């Protein structure tokens, strides 16, 4: 008699963490891509404004529209004359009312920025030390369908706090008529006023359902709680890579190479005689700086490697530091590009940041490729980066907080070292020319681009309504994003896998001729290689090629 299979009943065992049920991860705004309000939390002189400005610079650089709203500036606008720390006493009811009104005014501007001005992230930079204030901000975010992400900076090291006060606070407008000792004393008393009512974020009880990161002792430790989305995870990743230790970053281009002399773009040519002189001059410059544990980074192209070889120091090659891929325009001069690819030339002049070379890259692509380099630069101390013009522009735009519109036109001359020293809320730049002559590869922004002339050469029927594009309209287009005329090359990866040589095909006739030559015995007799009376173009060419390969494909 066959045995009957039986299955025991599954029992569920519930182990509650506490008496209050946890909120689901999906609670909050209904839209996945809702704008985000980043809420700073912490006592004064804990680096909140430093984090706000640095994070905003990074987010804008990667293409996420972000703006800081500093409540202290609203307070200084409302109260023209700062008297003393008494303004921040918790028992000063009139001052408390003014401070709350300033916070509400800042939140109104946050709402306007995120709903009307195209912003994606607003950084609400204030102390926000009480739960009452944070609940008010949470209610504001929920009411407007915004996500809220808190960043709390905690630091109990008196040396760090005193350093922050001396470097930043005593030079603020509040203390313009005070000496350093008076300013330090008043600010310490201001901190004491906040400490009396400070309620830190509590991940175990009161604030367990909030999304936040707690930065402890200037990045020594981190506590992350309930990250909601991709952008918040990128913010966490960025904050975990930055540090405040003194260091110097040196940026320079390779020495002049043979293609620079010939006016060609891209390629992988070696140094010219003047380029080799620069490499030797750079070696002497580095020795004079007497830097401890200097790291040297180069691209994988000859010119940067040959420049680094002269330093007689260990160096690392980064593929991410390779020059922008010019696709079919590699190893051409700008005059040759204008004559061979007139439409591409016009489109690039029209919008240099978003324009992508056919089978190549755009500046926007390059920024995405360089993000890991930026993360590693933020982690390092003294570094020398030897790279290329477009790459240097992208790196410089990050450190100097330049917009996407300005980035492709930053001047980065050959044989010049840019010395970057991080300061309180930015970066100090020194340009050091090493006294070796070179050609100039900088091209100024065009005042106007005559699209109709160039486009009519290729597609006369498509652009009959276009006139001159002025600089002002180009600026507006850059703010809005990629131009609608842009050919996006969606089949091309953002970063080309290797800087390999690509065969250039100037016309469909050349393509068909090469295809016919490659397959002389494979063409079916019923398929013509050229339509009667005209060259094989467009869909006709596509149908022909598809027909050929469908007939002779083994699959």
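From the backbone N, Cα and C atoms, a Cβ is placed for every residue, glycine too.
Record check: Swiss-Prot places 99, 127, 133, 169, 190, 194 at the beta-D-fructose 6-phosphate site, and the matching candidate among 75, 220, 221, 226 is 75.
Proximity note: of the listed recorded positions (125, 155, 253, 323, 363, 393), 155 have a CA within 10 Å of the CA of residue 46 (ATP binding site), given in sequence order. Rounded to the nearest whole angstrom, the C-alpha distance between residue 125 (active site) and residue 155 (active site) is 17. In the three-state DSSP assignment, the secondary structure recorded for residue 393 (beta-D-fructose 2,6-bisphosphate binding site) is helix. If you measure from the Cα atom of residue 346 (ATP binding site) to that of residue 363 (beta-D-fructose 2,6-bisphosphate binding site), you get 16 Å. Annotation note: residue 125 (active site) sits in a strand segment as assigned by DSSP.
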